[in-house]
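Visitor: According to Swiss-Prot:
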ACT_SITE  CYS85  active site, nucleophile
ACT_SITE  HIS193  active site
ACT_SITE  GLU195  active site
DOMAIN    3-223  domain 'Glutamine amidotransferase type-1'
Amino acid sequence: MKFAVLVFPGSNCDRDMFNAAIKSGVEAEYVDYRETSLSGFDGVLIPGGFSFGDYLRSGAMASVAPVISEVKRLAAEGKPVLGVCNGFQILTEIGLLPGALLHNDSHLFISRNEELEIVNNQTAFTNLYEQGEKVIYPVAHGEGHYYCTDEIYQKLKANNQIILKYVNNPNGSYDDIAGIVNEKGNVCGMMPHPERALETLLGTDSGVKLFEAMVKSWREQHV
């Protein structure tokens, strides 16, 4: 398995994503936002940061980068796509995930560890966790308030697309939502950073299982 780790001007978690993939026992390669082909890749990791300086709004300019058409193609083919923080914002901007990310209710940038609950462990991203398991991931965002219409929210609930919730909501997200998947279950977006939660020495290794779950799910289908 080989992941494409996208790199935009202003990305600052691409190395963490790369490290998470390698730590999971698979290959990874940095891919510039101007690239027009993702042939040869089995999945996409869209890192956090401030793509294009967050001008216009977070993820807006990245959403029209040349590589995005290939991200959409891989997603349509059922390949795993994970967007974290700014990556989540990009996924909502390009329509692969519903809803939007707004400014935190506090209007402050939040950077700390947060306790989260796995509320759906039947996905390619969470199947190594226990249902209801509590995990610790770092958060680092100013626009992490997940918002959607009531209609979209009811659809998310009906399809079991909400996979991760905050235990103590730090940003005002609708129903404490921290992470969701698309209807097919192969595209995931979350504001917390599992790629920064790989070592107990650094405070938490709760994120290891997420990347291992992605690899496990892919291998079950392809090996």
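Along the chain as shown, residues are numbered 1 onward.
Note: Cβ is positioned from N, Cα and C throughout, glycine not excepted.
As the structure is a computational prediction, the values presented were derived from the model and not from experiment.
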Visitor: Between GLU195 (active site) and the residue listed as 'active site, nucleophile', how many Å separate their Cα atoms?
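Guide: The Cα atom of GLU195 (active site) is 11 Å away from the Cα atom of the residue listed as 'active site, nucleophile'.
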Visitor: Report the same-chain neighbours of the residue listed as 'active site, nucleophile': residues 6+ apart in sequence with Cβ closer than 8 Å to its Cβ, ordered by sequence.
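Guide: Expected: CYS13, PRO47, GLY48, GLY49, ALA140, HIS141, GLY144, MET190, MET191, PRO192, HIS193.
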Visitor: Judged by the number of other CB atoms within 10 angstroms, which among HIS193, GLU195 is the least packed of the active-site residues?
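Guide: Candidates: the active-site residues HIS193, GLU195. Fewest Cβ atoms within 10 Å: HIS193.
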Visitor: What mean pLDDT score does the domain 'Glutamine amidotransferase type-1' (3-223) have in the model?
Guide: 97
